[in-house]
């Protein structure tokens, strides 16, 4: 799904091997214990992350690294192109656990510019099984086709489609029974949409935040519980 020109310089991964991963783990443990001898003991006692991150599976978008957070601080779910649909039981299970058990305060849908999944969905090439997954993104394109088709610069159009995919994810999250249930019982829960730029490392807040059902079509809203 990634058709980058072969002459571009890529991040070097030649030093990564099966053995190097295990060696890296040893160094990670040593460094963590030097900083806090009780680090792993406290982690083993339980988790109370205030954030659920729903992002793309792309290896260049690690939730902890780009937000400078530590183990136990972000609950993470990732899939191809950060798709949020109501038929994905994997996502719904993660969301249910995060909201109803962990009681996270924030759920963030995080896309990234240059997303291969979004790019593939914008074209007509066949890739195989994943085409069924990308169908949801094609539906997003169709929904915003008038604006997207009016954009003549391909990169600008691509970037805008990435943003629309995140916005759709936020809207779909807000309509889930899980989020609606939390809001119906006045549980604090905020939903956000971000886009990460691979070429700068910076996150853009799309300002599509929601903390209750205000502004949402009433057909999706659960009645408030007393």
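Backbone N, Cα and C atoms are what each Cβ position is placed from, and that goes for glycine too.
The Zn(2+) binding site feature in TrEMBL is assigned to 56, 58, 112, 115. All protein chains considered, the CB of residue 112 (Zn(2+) binding site) has 23 other CB atoms within 10 Å.
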Using an 8 Å cut-off from the Cβ centroid of 56, 58, 112, 115, can you name the remaining same-chain residues around the Zn(2+) site, in sequence order? 55, 57, 60, 61, 81, 82, 111, 114, 116, 117, 118, 196, 198
Close in space but at least six residues away in sequence, with Cβ under 8 Å from that of residue 56 (Zn(2+) binding site), the same-chain residues are 78, 79, 80, 81, 82, 110, 111, 112, 115, 117
Neighbourhood of residue 58 (Zn(2+) binding site), C-beta criterion under 8 angstroms, separation at least six: 112, 115, 116
